[in-house]
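Asks: One structure follows; several queries about it will come next.
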């Protein structure tokens, strides 16, 4: 008796879910015997409709994947092969994300099963799509892309034989050839190129922009990963060696930075431009305009590559949009051998950044020697002087190499600069437009040996910052007191520094030392007859050093002040002049004290910022 489809379903319809769940269990666990038993049972009871239904129903808990796709994903080959051959199985049934059995098998890398699916009509370029696919970063990935990604050349060969598109790009704009080139999958690369893959195809669009891969061809990606053989092969097949990415960078830039000499040679021999420079809006935003490959090599310290570039026509005096040169760049990074090489090939030792961009970055007129002194690169400084660098050229703010070296307490270099004619009495401007000299800089930087040298050669220990800014009137002693440099404070006082000198606002050495909590400095000043009752106008109140220390709860500092025999003890009754207005109500007193402490802290931070010498430096070239 023949059983109709309706009879089948009505009779065992309740078993559909049971069969469906049992199949899920066996394809996930790989229980081949139980799987075959289930299929035999369905065939024995002549239930083709149910069989077809349960084998093609997607599983909610697995993104709607069918039994075939799950078996492939779990790498249960025997079950996968059985399902691939099963006439009731739809070989193009996709999951909720658009994943097909062919995509799964291509990823796993079974060319025989791939062939079965293709012979049964699997769509060769079917791709996941929709929001789920986009969220999972698989949108647009064809079986060919997946087979290439996991280096399955036999699968790649079969897919291409069935006319898979070698130039299809996924949602990020990446093609199979780009993936193969990046990973160095040479067999896949050759198959794709032979099938007509576009050598100069590159990612584009928002996703590519977000991944910073826009414009990166297969050659570009191979260069990024130092794939020498791949690069040579792609060049041989006609790839553009001067292609630019999103930022205007070429492959040659990449390999000179990584230091791969073989790649550099291969690219230059193939026609890569040695003086090529990035252009465009993004290049400008990232200060790349004007940078040549020589800059990248100099920055990375690759001496041999620098020389190879120069011998092939690289300009040693090229300048970036900021005005920096390769020599400037090498000095920034402290690469002495590169510095020597560049100068030997004609680099200008006095060339400095100029123009509006340099002014905006506060690096205009910073010579190579000035940069070397800022960085305290002693060997480079010596070589630059030996090579004729001008020791007195100054930056836009008047900063000289000597002033820069005063920050590093390198007295040997300071003497070297003086011997070669450097002016030690030169003045520059701080950020408040006040004139400062080398003794101010040395005292503020804690450079004791430089302070002693400068005093010995005659600089005035009571030099005051000129101008109308917030730092006007400050002395070397003031800066040393603010920073707590005890040795410098003692030395300056022993050599005649005025302990009662104030800045133009009335803030004294004692005031700033007390506010900063430098108890030993306060003690030294008191031992040298400082005026402990000197007042400073702050927040409409006349305050003493004690007030400043007490408000900041610097207990050791206040103790040194109260123990001074010249102090006016009337202020030390628990109600300092800063707190008198807050008496009467304890809560108000406490709140006012906190507010005053915050105000003083802000003043202290401001003072600390004001002490910073304006020797501006930017590493951007």
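Quick reminder: no glycine exception, Cβ is built from N, Cα and C everywhere.
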Asks: When you get a sec, could you say which of 556-577, 578-599 is annotated region 'Disordered' by TrEMBL?
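Replies: The listed stretch tagged region 'Disordered' in TrEMBL is 578-599.
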Asks: To the repeat 'ANK' (289-321), which of 247-279, 434-466, 472-504 is linked by the most Cβ pairs under 8 Å?
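Replies: Between the stretches 247-279, 434-466, 472-504, 247-279 has the largest tally.
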Asks: With CB pairs under 8 Å as the measure, which of the listed stretches 97-129, 214-246, 364-396, 434-466 comes out on top against the repeat 'ANK' (472-504)?
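Replies: Against the repeat 'ANK' (472-504), the leading stretch is 434-466.
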Asks: Report the listed stretch (139-171, 172-204, 322-354) having the maximum count of Cβ pairs within less than 8 Å of the repeat 'ANK' (364-396).
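Replies: By Cβ pairs under 8 Å, 322-354 leads among 139-171, 172-204, 322-354.
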Asks: What else in the chain is close to the repeat 'ANK' (322-354), if you only count residues 6 or more beyond its ends and a Cβ gap under 8 Å?
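Replies: For the repeat 'ANK' (322-354), the far contacts come to 287, 290, 292, 294-295, 297-303, 306-307, 310, 316, 361, 363-372, 375, 377, 379-380, 383-384, 387-390, 393, 395, 618-621.
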